[in-house]
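Colleague: Quick one: this structure, given as structure tokens, is what I'll be asking you about.
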Amino acid sequence: MSEIALEAWGEHEALLLKPPRSPLSIPPPKPRTAVLFPRREGFYTELGGYLPEVRLRFETYGTLSRRRDNAVLVFHALTGSAHLAGTYDEETFRSLSPLEQAFGREGWWDSLVGPGRILDPALYYVVSANHLGSCYGSTGPLSLDPRTGRPYGRDFPPLTIRDLARAQARLLDHLGVEKAIVIGGSLGGMVALEFALMYPERVKKLVVLAAPARHGPWARAFNHLSRQAILQDPEYQKGNPAPKGMALARGIAMMSYRAPEGFEARWGAEPELGETYLDYQGEKFLRRFHAESYLVLSRAMDTHDVGRGRGGVEEALKRLRAIPSLFVGIDTDLLYPAWEVRQAAKAAGARYREIKSPHGHDAFLIETDQVEEILDAFLP
């Protein structure tokens, strides 16, 4: 039997039909935080900003092999966290920040990580870190600026996808990992692409789900509207949180994450419930994410262009041909259409697979049976 469940799927919370969870699970995860760029070194961003110190919040599952050859690095989407899998025990949950608690106890890709699952910790050393600029334990706008003792807030420097990839590479150094299978979806897929181009010698295999090689005008338009909803909130303009703006930003984003087929199937008989659903998602989003991190990361997405400084997108993607790569599109994705992902795969000489789903962009988080089947045919 299946059950209707309201789940926090990392970037996107979705009301969906979810299969019952397997009784086989991993031990309760323990999040950790590492200083990767200490004050004596600092972190200079691609756009000329400076952070005196950079920390990343991360979780690991499994054990690094003696040969250090079984690592899998998973990058989360825009509003995701390091909490990839497992369920926090009560002690760990109480130690989390309010935003982390609001994110939830269960990991955002829990159905893919565990005994007998595609990312089995008995076989792999799985690493998941919260991106630089986010609000779930990594250095971001909520962090204290060591120079002032106050949160960075709106003074946090602008980031690019390449900055996010560089921070993640330093985490692998910290963990003693030389090479890894690299997997990412949506924003995480953009980071995965940049990671592979910046550090090709560190990538055993590359998996890009529902992500483009360049953030084009259509996707940027959605981000622009979401940011404007926040920036135009009168409370935000007074220097306060932006509750109405954040709720509206989430609603705008949700429309790009979903597809007409899914809305019609669920709410065709009662269309007003679709509106209620968007309102609910907006209200819930206020409790689990921060406006400044949303602005920083969405702007970073808009900088994404693998061809920048590399002779154009196609020339850049050709550099990936030495890396076994898999690109996964979604047939109903409005945000990053399947043709866009397919085109990138062709230029990279990569395999291409497509998820069939009425759920749009969110399908890479929802259709985990299909994702598992696709990964099973590609991973060692």
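From the backbone N, Cα and C atoms, a Cβ is placed for every residue, glycine too.
According to Swiss-Prot, the protein has these features:
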type	residues	note
DOMAIN	70-366	domain 'AB hydrolase-1'
ACT_SITE	Ser186	active site, nucleophile
BINDING	Arg250, Asp362	substrate binding site
ACT_SITE	Asp333	active site
ACT_SITE	His361	active site
Colleague: Find the average pLDDT over the domain 'AB hydrolase-1' (70-366) in the predicted model and report it.
Modeller: 98
Colleague: In whole Å, how far does the CA atom of Asp362 (substrate binding site) lie from that of Ser186 (active site, nucleophile)?
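Modeller: Rounded to a whole number, the Cα-Cα distance is 9 Å.
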Colleague: Give the sequence-ordered list of residues that share a chain with Arg250 (substrate binding site), lie 6 or more positions from it, and have CB atoms under 8 Å from its CB.
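Modeller: Listed in sequence order: Ser226, Leu278, Gln281, Gly282, Phe285.
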Colleague: I need the CA-to-CA distance for Ser186 (active site, nucleophile) versus His361 (active site), whole Å please.
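Modeller: Their Cα atoms are separated by 8 Å.
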Colleague: Identify, in sequence order, the residues in the chain of Asp333 (active site) that are 6 or more apart from it along the sequence and have a CB within less than 8 Å of its CB; answer 'none' if there are none.
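Modeller: Spatial neighbours, sequence-distant, of Asp333 (active site): Ala210, Ala259, Val341, Gly360, His361, Ala363.
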Colleague: Within 10 angstroms of the C-beta of His361 (active site), what count of other C-beta atoms is obtained when all protein chains are considered?
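Modeller: Taking all protein chains shown, His361 (active site) has 29 Cβ neighbours within 10 Å.
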